[in-house]
Amino acid sequence: MNIQISTQFVKRILSAHSGIGLAVSVLMYVVCITGTFAVFYHDFERWEQPQVEEFTSLSPAAMLRAQQEFNARVDSDKSLYIVLPTHEQPRSHISTGDDEFWVNQDGSLGEAVNAQWTHLLTQLHVHLLIPGQAGLIVVGLLGVMLTALVISGVLAHPRIFKDAFRFRWGGSGQQQQIDLHNRLSIWALPFHLMFAVTGAFFGLVGLLILLATSAFYDGDQSALIDDVYGTDPVIEHSAKEVNFEQAFTHLNEFAPTVTPIYAVIQEPGTEQQYLEIAAAVDGRFIYSEIYRFESDGSMINHQGFSDGPTARQVAYSVYRIHFGHFSGYAVKILYFVLGLALTVVCVSGIHIWLNKKPRRHWMNLVWPGFLWGVPLALVVSAGVSLVWSGATVTSFLVVQFIAVVASSMIKNRMRANVLLVDCLSASMVLVMAMYMGLYPHFLLTSAALTGNFLLMLCFVFCLWLRSLYTKRLMIEVPHFT
């Protein structure tokens, strides 16, 4: 396929594509690489605490016991969530958002949930550690920019489909970077566009709600949310104790094919208390349908995410589509590969631009430190979190800073890349050794095996990548000889 577009138009689009890419490239890289690994965040959560009891079902009686024990420990009037075990995440936990504990199969509370590294990984992807709504908006804008980059990238390269399988690996380093950038871009084009659009929605939904409220709802934000997500039930009198068993019996009668994933007690301890049970619907992308019950277990209604207005169904489908949380590990692995491809596209785009700069330009000196500093800081902070979870974020920032400073002092991009890849490989070995020492009795559990397998896979990838750096990746790039 050869798209016929005027040369002048192509030049303008290419200039716009380059400008947008340079403006957002560094932050885009962080979002891409953390999003790639965040696909497995359930597995990393388990890896951080492999000693937690695992099971695939929790009885209503156990849920009641968990609620009672939690209320005895924690004084809170916030909504109380009981997350149910699934085959993907075979453990249960209870939380108000401020306090969170693992739940044993008999309903007794286990230790506090302590997944600080997984939290760091997901928060880097969701809002780049920028506090409040500002971080979400920044990441949402990156999604908008990525959408523009995907579209402008296609328009700026009229032969992009025709050359879809052309790869000049034996040429100059610059040719390799260009072909790597263009080929991966076109091979995964639909998925990268999907990542961009859904990511933009996640980040900007709050801003969109604010704008729509002002434009169409006279400033009444709750009215807009009710229209999109449905209204809350009005409860005038509620039983004090939640009858989980009766609620699940009625749920099974009303929707026997759904899979409950969590329950939440809304307005706990008040006359307006009621129970919601969220359940995954087979064959649907929606995160869940939500079924409402009186505290005595009698059914009120369901929220309509599976059969309500189209906008409601679409809005509640974005999560699973963006993160690939459907159809098990096959889809997770596919999303991991696609996310890695998008990360490489981002990095190769930066390399294409940097290869045109003088070798001692400050950007060339700093970039290797940032490129490899991010994964290095993630691995080191994972190790730190195993022994001192309170220092997880600090260790990430410190290692990232040291990597950038070290790279700028080496003053040779090739040497800096090789050194930092070696440091990354060594840090992975160290973390695996630490894990074996800390959890020797849990190494053969699925919780430990999955996380350690991913770590080992990354280690092998680093060894392969180092061979490319020393043999082919930078060949014949005159600025870096």
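Numbering starts at 1 and runs along the chain as it is shown here.
Using the three backbone atoms N, Cα and C, a Cβ is placed for every residue, glycine included.
Annotations in TrEMBL come from automatic prediction, not curation.
According to TrEMBL, the features are:
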TRANSMEM  20-41  transmembrane segment
TRANSMEM  134-156  transmembrane segment
TRANSMEM  193-217  transmembrane segment
TRANSMEM  333-354  transmembrane segment
TRANSMEM  361-380  transmembrane segment
TRANSMEM  386-406  transmembrane segment
TRANSMEM  418-436  transmembrane segment
TRANSMEM  442-465  transmembrane segment
Beyond the flanks of the transmembrane segment (20-41) by at least 6 residues, Cβ under 8 Å: 118, 121-122, 124-125, 128, 138-139, 142, 145-146, 148-149, 152, 195, 199, 323-324, 332, 335-336, 339-340, 342-343, 346-347, 349-350, 353, 370-371, 374-375, 378, 450, 454
Residue numbers, six or more beyond the limits of the transmembrane segment (361-380), whose CB comes under 8 Å of its CB atoms: 26, 29-30, 33-34, 37, 120-121, 347, 350, 354, 395-400, 402-408, 410-411, 413, 416-417, 420-421, 423-424, 427-428, 431, 455, 458, 479-480
In contact by Cβ distance (the transmembrane segment (442-465), the transmembrane segment (418-436); 3 or more pairs under 8 Å): yes
Within-chain partners of the transmembrane segment (442-465) [C-beta distance under 8 Å, separation at least 6 from its ends]: 37, 40, 43-44, 46-52, 54, 90, 375, 379, 421, 424-425, 428-429, 431-432, 435-436
